[in-house]
């Protein structure tokens, strides 16, 4: 006479099994490790492993594991302090051809990893590291655009032989460019010319006094919005490139809102190092090429060190082949307006379209007219400032790296717009476009907030968090069992599974576990029991009103359900609002709460109903233990 | 086991004038506190630099202040963080706001690193067992943004819940719930202001969670009110409301106790990071539970809730009935 359908038992069993399996990886804590990756074509083999082992032994750094996994070498350590010391030792022993990164190596068994079960990533407050919030200066983007358009309008008017008195940016940012002309006829000619040449500008006639005819050209608001979006995307991409060079494993670089970027680097304890890389200044130089990458002359120069006096020897990014580049600079990153990747209509191969500003275009035109068929190289220059103490004073020492990111043959005469074709694949094209734009970092960035969390504090927080969860859970389990007897015990089983399923879902989605997230878990546990309290109180009521035990259970669940649904939906609305609050501690808490409410509705109602039906199902009952 | 007599019939609504007056007084007092004393905003909202320090042995806050004073560090706010071995030191950004506001960014953040280092040097000079746990720097702009985001989130929650209740129940229920909600938030903030507990992001999260928790409580009572109105033949609103509060009383208090237990566990064992969260939640649970019993239903009665508003919509339309 069970009123609980069989398929629901199957569902409950299935979900519980699934919950256990996907929550399981969290029982295997990751170990602090150091990851070594070879760069510049250096080998990574048993000899490197031996070198690392020798260096660690010589410095008396104890390690618990050392192995080559795929393309990198991983060494495990007992705690974060040893890990940090070991990273320094390994860095010193291997030199510049290897990147050494701090990491947390997973100890999850292979069969769990095979079904994509993994543990929750830990937030910075649980594993230590640095957190930056970067604010992108959107004003600078508007400034740059308006300055460029002023420049372009000047050369356009000259080109069209329209006499003008002045072309200047209006005093207020975003108010456009003011053009002063000498006659109404000139003004309409200028207006037409600007409107056809630059569709992104809105041209309006202004007031005219005497022989001053004013024309205002302002950038369309939708274009500005588009620019702002492109800027932050580009800044995020540039940051990602630079941070990858830093060798931090799994950095978090995320756009937040319209003008902020969050950067979280786990394991990094020295913010100065990270800031240096983030604050690097990159630029581009278009230069005349001498030969191509891997040319015999370049190889010879690289081997002997005899570089021709009018040339520089650089290496090509990615392939590391030497290339000779003329010292003569044609155009620089400042003059690059836009670079975007696409597909060449004629050949169907990937390409990158480049737009230069008026001044850059003129120089490019002059150069290409005389050099068709010759190579042209793009050199990427990145400057990082090191702070050094010299004679007790802080001195900023620039440290510059240069590499060739593109080397192509000039196919024809071009100026303002041109394209680079013959790229191997679309990925390469988009990478090149990104690098070109990165060379003219779209907008300056400020560090709006930063925090540095020590590794021992992370350990401490994990322990405290775990203790709070277990104690909170234990106390509620005890209280429920005492107050509601058998029904309380059933609720306890459900509550325990609620924790398991909550952890499983969080692990599957990949929610980063933080301290506020743990607070959310504890709160969820405390509130999940509410549904069971509602059910138990209802069952008691029904019994008091003279219902038979089976009828009391059925009516209790039925009547409580409407209440549980209403209460949880309103609660869900609150949790949803929390998740929209940026990416800080509030969001972590909100996401946990949101998932917790959903899982608790299932465990508190369906799971307890299944167990209750299983216990009381086919027996004749005189009383209920509630 | 039962703590509450299930036949209890406490005349909660009989005391409605007193309870509403108390609620209004509490709200006025809270608003007064918020206006005069304000909230002790944490670094998240004010901007500035904070350094969290852990000692191996017990440390007196006064000693920390003295050590900082001797090193010439101006106006530090020193707080104990759970226990006597951890302290939090907060410094406002220098430059009277002007220089700091105009050009925060890398300069300011590099300065933060230096300030943190000099704080640690000063503390280590007095007590070598001082260890830096963490340090943070927040620019004032970020703080301002957070304040407005927080207010928007709170308003969004309250309106969202109001709309849901309006649809699921009835207009009066939505209004009563929202009024009580505003009361709960204000009084909770008032208590935080009274004890001058630091108001940081996790406390804000907690205040928003209090809204969720306390609405939960109200909905359970409202649900019972709707049910009893529909069931009873002659429904005297005051009696129905009173019966609803009484029948759900056991649940209201047991749930609060259970949630309170977990928050107490969090408070005592979760460490200083979640202290503010747990204590705010505990305050909110007490305020929310009391307002579910004493405030929400009197407002509902006062708004004039009746049986006919809650009957399921029937087909007969008065417009149609009037026609021949």
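Every residue gets a Cβ built from N, Cα and C, even glycine.
Annotation source TrEMBL lists domain 'SecD export protein N-terminal TM' at A:1-102.
Residues annotated as domain 'Protein translocase subunit SecDF P1' in TrEMBL: A:233-287.
With DSSP states grouped into helix (H, G, I), strand (E, B) and coil, the domain 'SecDF P1 head subdomain' (A:313-443) comes out at 29 helix, 67 strand, 35 coil. What TrEMBL records for A:313-443 is domain 'SecDF P1 head subdomain'.
Residues annotated as domain 'Protein export membrane protein SecD/SecF C-terminal' in TrEMBL: A:445-615.
Taken from TrEMBL, the feature transmembrane segment applies to A:465-486 (among others).
Listed by sequence, the residues of this chain that lie at least six past the ends of the transmembrane segment (A:493-511) yet keep a Cβ under 8 A from its Cβ atoms are 15-16, 18-23, 25-26, 117-121, 469, 473, 476-477, 480, 517, 521, 524-525, 528-529, 532, 588, 591-592, 595-596, 599-600, 602-604, 607-608, 611. The feature transmembrane segment is assigned by TrEMBL to A:493-511 (among others).
Non-local neighbours of the transmembrane segment (A:517-539) in the same chain are 123, 465, 468-469, 472-473, 476, 480, 484, 487-488, 491, 494-495, 498-499, 502-503, 506, 511, 552-553, 555-557, 559-560, 563-564, 567-568, 571, 588-593, 596-597, 600-601, 603-605, 608, 624, 626; each lies 6+ residues outside the stretch with a CB under 8 Å from one of its CB atoms. According to TrEMBL, the feature transmembrane segment maps to A:517-539 (among others).
If you look up TrEMBL, you'll see A:560-581 (among others) marked as transmembrane segment.
The transmembrane segment annotation in TrEMBL covers A:593-615 (among others). Long-range contacts of the transmembrane segment (A:593-615) within its own chain (CB-CB distance under 8 A, at least 6 residues past either end) are made by residues 2-4, 8-9, 11-12, 15-16, 486-487, 490-491, 493-495, 497-498, 501-502, 505-506, 509, 511, 520-521, 523-525, 527-532, 535, 553, 557, 561, 564-565, 568, 571-572, 575-576, 578-579.
Secondary structure of the domain 'Protein translocase subunit SecDF P1' (A:233-287), assigned with DSSP and counted as helix (H, G, I), strand (E, B) and coil, comes to 22 helix, 19 strand, 14 coil.
Away from its own ends, the transmembrane segment (A:560-581) comes close to residues 527, 530-531, 534-535, 538, 587, 589-591, 593-594, 597-598, 600-601, 604-605 of its chain (Cβ-Cβ under 8 Å, at least six residues beyond either end).
This prediction places the mean pLDDT of the domain 'SecD export protein N-terminal TM' (A:1-102) at 83. Across the range of the domain 'SecD export protein N-terminal TM' (A:1-102), the DSSP-based residue counts are 50 helix, 23 strand, 29 coil.
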